[in-house]
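Visitor: Below: one structure in structure tokens.
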Amino acid sequence: MTDYRRLRVALLGAGAVGSQVAALLLKHGDELADRAGAALDLVGISVRDLDARRDVDLPRELLTTDPEPLLVGADIVIELMGGIEPARTSILQAIGAGADIVTANKALLATHGPELFEAADQVGASIYYEAAAAGAIPIIRPLRDSLAGDRVQRIMGIVNGTTNYILDRMDREGSDFADVLADAQALGYAESDPTADVEGYDAAQKAAILASLAFHTAVPLSAVHREGITRIDADMMDAARKAGYVIKLLAVCERLADAEVSPSGESISVRVYPALVPREHPLASVHGANNAVFVQAEAAGDLMFYGAGAGGVQTASAVLGDVVSAARRHIAGGVGVGESTRANLPVVPIGHVVTRYQITLEVEDRPGVLAAVAGVLSDGRVSIATLEQTIVTGDDAQTARLVIGTHTAREQDLSDTVDALGASGVVQRVVSVLRVEGD
Ligand code: NAP
């Protein structure tokens, strides 16, 4: 074996991802050394409980409950504990001690990213986080490196596997949200507390990370508009299907021309919500728990990145790619690649967003109602592109269900108009309002 320089690698966490990273690092050490140009010595693995059950057997002598000695003298620290603390403190400590960091921790990066990148910048260290958005899918490096010479206009991502699994099954089977969620929990696709996934928090963290990179702007998590999928029901799915759409939970990161809010005339919008996606769009064919990120760049055009967004061994692939990159940099020397946030574009609230909408209303079935609804829409500067009416016969009375597709409208105008429809006296119920993306 080539006599490589030896690098000390410390691993914090040996759960679903960490145990696979350790196993692969030990199994393919020689091969990874050839690729990295350095031998990667796994010096220890910190865990909470030495006796916890693990997906793979790891050498007992590598496990410790005390991360401190591992951090001292490490060249590369891999953080796979998750959560904010003690991950944040350990990473800051490792950076202070001169290590490069590899992490998959989206929650930490989305909330404390600027602090960590600043600390790394000060000592010329690097933070690698390919696994923090969309698991095994290479998307961080393409945005940071491959597209560094281009201008990203828009990213639309299916970045949460649990919600895609649920929506996909609802679409295929016509089932209700609660039934599919219960099934997903039984099968291990959803957590017992599914809030982070179904309310869009996990996708919002990834959206903040992707938008920060794509638009060279520090995007705080608080600037990401977030809506989950809990109100999506079988009727909405059915209506979407009939209209040629599928409902997907999307993370949308978009560059906007908005002279009002920025001297440069540009701003960005970052949002997570369930949206109607045309069935012929590449994102519509992302099934099960898979993820995909659709990127539109000024020169490159449309690009699609697709694959496993989670899973221990799949995510370990992205982590190990980062470990090899970190090792190469260590060997080559020089300061790390800092995060570019120089564009510093303002992130606009959801009210500024311009998109198309599908509004479903329940109205009285009587003459003049259609004209009244059209009048409210026109007063609100929302113009109708398509309209479909279905008569619903109930026990006592007959009502009509209107499905209105709009031309592009500003979100604030649309939301004011929906309020006005609700108050108009002719609308019995606003059944749903969904944005249309990707057409
Ligand atoms: P996990 O299965 O819960 O494992 C966490 C590991 O960290 C465990 O080994 C645990 O020790 C250790 N740990 C947790 N808190 C600790 C503490 N306070 N002190 C010391 N050790 C502690 O997590 P995971 O699924 O592997 O996820 C790790 C990271 O990868 C997270 O940031 C997650 O968001 C990210 N990620 C995960 C996936 C995925 O598919 N799982 C995909 C993409 C990104 P014990 O084993 O002793 O309990």
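Each residue, glycine too, has its Cβ placed from N, Cα and C.
Automatic, uncurated: that is what TrEMBL annotation is.
TrEMBL lists these features:
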type	residues	note
BINDING	LEU12, GLY13, ALA14, GLY15, ALA16, VAL17, GLY18, SER19	NADP(+) binding site
BINDING	LYS106	NADPH binding site
BINDING	GLU191	L-homoserine binding site
ACT_SITE	LYS206	active site, proton donor
DOMAIN	358-435	domain 'ACT'
Visitor: By CA distance, which of the recorded positions (LEU12, ALA14, LYS206) lies nearest to LYS106 (NADPH binding site)?
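Guide: Checked the recorded positions LEU12, ALA14, LYS206; minimum Cα distance to LYS106 (NADPH binding site) goes to LYS206.
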Visitor: To the nearest whole angstrom, what is the C-alpha distance linking ALA14 (NADP(+) binding site) and LYS206 (active site, proton donor)?
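Guide: The separation of the Cα atoms works out to 22 Å.
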Visitor: Calculate the distance in Å between the alpha carbons (Cα) of LEU12 (NADP(+) binding site) and LYS206 (active site, proton donor), and round it to a whole number.
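Guide: With distance taken Cα to Cα, LYS206 (active site, proton donor) is 22 Å from LEU12 (NADP(+) binding site).
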Visitor: What is the total of other Cβ atoms whose distance to the Cβ of GLY15 (NADP(+) binding site) is within 10 Å?
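Guide: Summing over all protein chains shown, GLY15 (NADP(+) binding site) has 16 other Cβ atoms within 10 Å.
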Visitor: Kindly point out which of the recorded positions ALA14, GLY15, ALA16, GLU191, LYS206 have a C-beta less than 6 Å from some atom of ligand 1.
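Guide: Among ALA14, GLY15, ALA16, GLU191, LYS206, near ligand 1: ALA14, GLY15, ALA16.
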Visitor: Specify all same-chain residues, apart from the site residues LEU12, GLY13, ALA14, GLY15, ALA16, VAL17, GLY18, SER19, whose Cβ lies within 8 angstroms of the center of the Cβ atoms of the NADP(+) site, ordered by sequence.
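Guide: Counting only non-site residues, the set is LEU11, GLN20, VAL21, ALA22, VAL47, LEU80, MET81, GLY312.
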Visitor: Distance check, please: Cα of GLY18 (NADP(+) binding site) against Cα of GLU191 (L-homoserine binding site), rounded to an integer number of angstrom.
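Guide: That separation, Cα to Cα, works out to 19 Å.
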Visitor: Rounded to an integer, what is the Cα-Cα distance in Å between SER19 (NADP(+) binding site) and the residue listed as 'L-homoserine binding site'?
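Guide: It is 20 Å, counting Cα to Cα.
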